[in-house]
Structures are given as C-alpha cells and as structure tokens.
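Annotation comment: TrEMBL describes 1-230 as region 'Disordered'. The annotation compositional bias 'Pro residues' is assigned in TrEMBL to 12-32, 130-139. Under the heading compositional bias 'Polar residues', TrEMBL lists 214-230. The annotation domain 'Zinc finger Sec23/Sec24-type' is assigned in TrEMBL to 331-369. The domain 'Sec23/Sec24 trunk' annotation in TrEMBL covers 406-642. Residues annotated as domain 'Sec23/Sec24 beta-sandwich' in TrEMBL: 648-731. For 743-846, the entry in TrEMBL reads domain 'Sec23/Sec24 helical'. As annotated by TrEMBL, domain 'Gelsolin-like' applies to 876-940.
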Ligand SMILES: [Zn+2]
C-alpha cells in the first residue's frame, strides 16, 4: 500500500523497472520515473513509437486496412515487415501481418470473419477505416503517465512498518488505554467482571476515543472467567454418547442427535456484544475471539489461529460503511506503525495527544483535529467523528496516496470465437449480456472498454469514437505479437458507445459459421496485456477450448487416472506451463485482474487457465459443456453480476495487528507484494481472504490484541479511498476459553483453503487425512482439559462453539476439490471448484459445504405464500437419504445448483401442477417453467427468492425423480454429505473414527 508515500506529492508515473521481484518497490522520492514498457518477461516494451511519427494513413474507404507497414517497421525490434498488399474487399489485414507465406496464416485461409461472404461483407462494409490521418495519441490520462504504473510501491510502507512486526520500544509497559488492567498482566483476570467498570448496561453509548473508563469499554461481566473454577466446567462442553464399536448401532449411538448446522452459518455474537465498536463479522472473523497469551497455549489449540477477511462485504441497507474526509488535518495515523485512527485509540493530555492502540505510540493531535475532552476524557466532538465510534469506515485518500491519477474502471474482453464458442451459443449470450450491462458498468463517464477475439489468429477492434462501425484487424503472427493501433483498442465507453454496441451486435454473426478449432489463447492474452498495461483494469476471458497455438499452448494431460495415488498426482492440479503464472504476475503488477470463464465439455486445463485468476485476485467461472439453452441464464446472471458489482480498482490490502503477534500466511486468490501486502488489482464484495496468525513472542503481555484491515483502492467514481476495519479481541491464558470463543465458520474457511492448497503439492488422500487429524488433535486436547474432573467414558466431548466442526471437516473432504479419486470429479471440475472455494466468503462456503435441503410439497399445498423469511417457511432437514420421504418434493440448494427431487410417491397432482404436461416425462428432458396455477407460481416465487438471497452465483435448477439412475446419484444423492456414497465416509462413521482416534493416547 502506498499509504506512506509522502514522498509522492505528484504522480511520478510508473515505478522503475524491477530487477528482483515482480512487485518491486517504487523509486524513492526524487528518482525520476522511467518510462518504458513493462519490464517484465519477454515482452517487448511497446511504447507506441509508431503513432506520433507514422505517416498519415489514408486507407481507401470501405476497406479494412487498419495498419500500414511504415508504422510497423518502426516498432522496436519488430523488424521490417512486408508491405501491405494492395487493398481489396477481401484483403484482410492478416496478410499484412502474417509472415510471408507464414504457417499460421495458412491455418486460416479464409480471412476472418470466416463465416462466409455475407457476414464478411456486412462487417467489412460496416468497418470503415479511420477517416483521418493518425495523429498523436489522444491526450488522456495516460499521456502524463508514460509507462502506466505499477503497483503502489511498498517501500514507504516498509520504511515505517517493516513487514515483520517491528519491536515497539516501550510497549511492554502499562497500557494506558485500559487502566483497568494491571500492566504487564499475564494472569488470567481479564474476563471476570470488570473490576471497576460500570455495569454493562451503560456501555453501548460510550465510544472510543477516551480512556478513563476501564472495563467499560472492553469487559463484559457476563463473559465467563477463563479461570472459572472446575464446577464451572460442568456444563462447559457438549457430548455425544458413542459406543466404541465402529459402525455399530448399539444403544448409546443416536445419529439423530448429531449436531447439524440446519440454521446455516450462525456467527458467534459474544464477540460483537463484548466489543460493540468492533467491525461487523461480515468483514473480519477470527477463528477464535480469544487470543492465546503464549506460544505454548497456541500450540495446544491445534486449530488454525487466524482470520477470514472480506473487506468489501455487502452491507445491508442502513449499515453502509461511512465515508470520511479528514480534509485539512490529513488522515490521522500513528506515526510509528501507520495504524489509522479508530475507536480504540485514546486521547490524553487535554486532547493534544493520542495513543495508538496497536503500538502504544503517543502521537500529536494535529491542530485541525483537536478537540477538548469532557470530564470523562471523551472527545467533545465524538458524535461528529465516525472514525472514533465505528469499527468500519471508508476514508477519502488525498494525493499522497496515489502514484498516478486514479484509474478509470476498465473492462477488457478476450473472447474465444472458435468453432465451439460459436456453436455452443456462448458468443451470443456473452455479447448480449455485455451489451445489456453497458449502462450499468461502474464509473460512468470514465469507464473504458475494449475487445480482442481469437481463434488461430488474433482479431483487434478499433473502437475509436469517430468511427461509425468498429474496424477489425487481424494479426496472425503468433510468435511476435504486436498491437496495432494501441490507442483505439481500449476506448472510453460513453464516447464510443455506438461503436461498441455495433460490435457486440455483430460479434455472434461474424463468427457463427467459424470452423476454426484452434485457440491462440496465449498470444491473445499477451496482446490483451499489452493493450491494458498502461492503466490496468479487469480482463474477462471467455475460453472454449484447450489453448493450442503459440505461447502457453497446453497438452491434454487430464485423462490419465494412473497418475492418481502416485507422487505425481498433484502435478495435474497445478499450471503446466510457467507462462501462466508469469503472465499472472505481470498482470498483477500492472493492476490487471483476470476473471476466467471456461465453457468446454472437453479438458481445457483449468488448472493452468485458473492460475491467471488465482494470482490476480480474480475468479473462475466454469460452465462445462456450455449450451446456451441450458446454461444461458446462469452465464447471463453471473456475467452481469461480474460486470456491474461495485469494484475496487488498483487496490492493496494489509492487516495490522498488535505487538507480539503477526500474520504469517495468507490464503486465497491474490499475490503478495511484500511479506504482508496483498495485491488486488480488482476486488469486490464476493471475495474473501484467509490468514493465519503466529505468536512472535513467548508471552503476550497486553490484555487485548487489536486488528486493523486497510484496503487502499480506487473507487469506480475515481476517488482514492481507504476502507478500514478495526477490531479487538481479548488475550486469554485459558485454553478452554479459546475453544469456547471459537468460530467454526471461520475455522472451516481457513481449513478449506489449507486443504485445497495441500492438493496442489500432494495427494488428495493426504489432504483429507490432514483435515481429520487436525480435528482429532483439537478434540483430544479438549478432552484432556476435562478428563480430570469428569468421567467422560465413551462420550465424544466438544465445545458448543465447535459442535459442527467435525461435520464441516467431513464436508470439506467430500467437496469437489478434495473428494474421492479420478472417477468422482473431472480434473477441470475439481480445479475450477478449488479456485472458486479459495475466494468464497464464509457464509457462501458453509452453504456449499453443507447445503440446504428442505421439503416443499406440504408448504406448496398450504394457501399462504409468505416468503419474507425463508427460514420460517421451510425447515431444513439433515443432508441424508434418510431425511427423504418418497411422497415428498425437496429442494437442494448449495448456492451453485438447485436440485428439485421428486419422490416416487409424490402426488401426481403436484407433479402435474408444477410440470404441466411434462409431469411424467423423463425429468432430464424437462425444464421447470411457470405453469398457469397457484402452486407453480408459488414454487417459482420460492426459487426466485432463493436465488435473490445470494446473488453472487446463479444456481441452475435441475429436476430429478427418485430412482432415475444414474442421474439421481450424480446430481443429488452423492451430495448428501452425511451418507456413505461410493468410497466416502458417512457422518456416523466419521464421528466414530474421530472418536476412536481422540481416545487413543487421550
Ligand atoms: Zn502505532
């Protein structure tokens, strides 16, 4: 984060070339920025030398001849290219670009658009050439920023805050902010009732920014003491009675009593109650709200110690994050550790100083920010200072937080137009959807847009606003990619709106008869990178086949089941060619975030393609065997969401925490720019990140630990902003308290990410075993805590807070990235799910792990149709075949798919009402449509409501009838997490396995 860039009063353009890491620091102040192209691998610095100096172009009207050789020859390193052939109506620029008689050109004998003369002529007619000589590039944002710009530099940051927690001199002393605590407190008193604080009822109105109210702020009398006596433990744990004989159903084992998260994700609220000024848990969830005071305690916790952060989580209406402008005082931050002022800082010295809650530094209050304190030490202006009362705020960042003017929102599309892309209907749906979203792309009127399409050649589109129709240019030399007309490929949407619409209207027609099956994906990606790297932005890739030509071409390697179970197994799940990771690194460096949409029914090596999304903070959308009639709606909704959701551009995120602890590992889709700075070229509300904490010091001496997430980004409106989330958690000396304050949702989120990462370096089996072992160790430790005072017998005991953990652990093992073996999920499916799950926020992830299953036939027969709260209307049932009644109709919903399961004995009237004349047909051939009757309308309303509850993905609806095999098994039964299917373990057996292992060595 360049938040410490006081040395950048102006916009010094792009930081100098990096020699070491792709995220090299910015130049120190005063060092002139070096212009020049991307200093990254292998790409020719493409600095548009040809535009200003090229001779005026005056191509014949009506001919697509966008590019002339004199210009080409001036591209450094380009060499002399053959002069263009005499233009003719059929002379597509490929001839101009291709090597003389070049091989790749011959692959495309019919010049594109290859769909035959009718389309060609239409387009050729529409694409008029530039009507004026090419002048110098338009004076735009870029003109002052010769090289575009790289990531906000981390240098300044590191100067003030080394990546590794600095040792804060003088922090070991008393904590003035919490005078109620003895200084250097290590004894476990903190959570007994406040020694001198007022009663709890008085605490909500008080806010941060003052000190002398010990206890009041952070203590909650009802919070059980970690040292509560042994009797206090009597009711402290839950237990399941289990026999010791695995699989046996002897009395004592009642699966019906097993804990199940039928209410979905229930966030622990004790944390929020204790610290009402903490940010909401939708933004930050610790795996336990009780931080261990020592390394030895942490080592006995066995579960991950960390957090899940979703910095831009959607807030319900009325709870939006407040926007703050510090104006002339500048943003108030700690001089030493750069923490942003927050509700937990304290003001002293009659308001002239404030103490940092993270490092204890005493800072001066700038004159403009000064306020008198009242008798209780509270700032008089507190009610006008949301940053001192709210755990989440958004701060307008002044120019010191920029290394260039804030970039406009940029959407660039890289679209496969080969045979299968056109045939599947993908092209048409994508083009229509993009067109329908043009009014809603964030950032009007600054938004920019551009397109490249490709099959065996690359097709560029001049979208200059002075044109009435786009102009297509074809490049067929895949080995030496260059970008024709780089200034007119990425255009301002509002200025070029008509050209963009004309392009989107004609795109599906242009390629509808394309028979080209090749995919020059890698070269196309390089070209997109060259167009985008001046400014950055979002790159949306639509890929329908395995990249087959040029750099980054991939092999069919996914169909060898023999590799499974060997040490080589994991290699199938990682990118085959380093090209992908390197491209991702380059893109991140230049603020390009990539989303990959993949559509093929054949192997496309999602492991490699997804790498692009993984390291640029993006997302993978996978529609295997895409057919517009089946998957069209899903693509429409998901693409529309992707295009229109609020996006934070060119952002970086850092999470700070108090002395003695540090975040030591980060898990999700992003690239680390320095040891603790997460680079996120484009981030939105649907992305979450997990991280693990390490205690750096043997003992923590403070009673509490603070966390502060800061996301520095450019809003679509062009404002540079910092979103800040602050929270505090108590430090405890009692292991039991750590378990009591555990957050299963957060733990499952961290575990899922760790397990998926493990599949990228080892066997699936090992990843699954690791999950089980971690749960066993934690429960064994917990058992040992209680075994002295209690006769536990054959009971499995666990804290209330972790009652669902074993089940979620099982669900992780059964999730698509980790399940079974080669027969259980295709390699692409597995990898796509892995990329998706790495980014999911807690709620979405838990729903995917243990989906909703509810019965609807009885409800459909009732007259009322109130759907205000689905939970009241429909009760979830356990995810097991035993829950199913053959006379019922059930809906399965995991957030990605809906399955309507029709029991064999379901009343034919209901089936008729819902399916019309198709009611007896094979359900694989039936699409659910609204019928003219109340029951059908009621069901459709329910499905609509389910979809609206979570807009991040659009679940497709599948119909299946009981006994319709193998479809029933594939679509539905195998997703019943609690059952044993194929080689998988049932919930009962899983619990017994865990229990048996817990008892060993207990
Ligand atoms: Zn500080």
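Cβ coordinates come from backbone N, Cα and C, glycine included.
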Selected stretch (most C-beta pairs under 8 A with the domain 'Sec23/Sec24 helical' (743-846)) from 406-642, 648-731, 876-940:
406-642
Under the DSSP assignment, what numbers of helix, strand and coil residues are found in the domain 'Sec23/Sec24 helical' (743-846)?
70 helix, 5 strand, 29 coil
Using DSSP, what is the helix/strand/coil residue split across the domain 'Gelsolin-like' (876-940)?
26 helix, 12 strand, 27 coil
For the domain 'Sec23/Sec24 beta-sandwich' (648-731), what does DSSP give as the number of helix, strand and coil residues?
0 helix, 60 strand, 24 coil
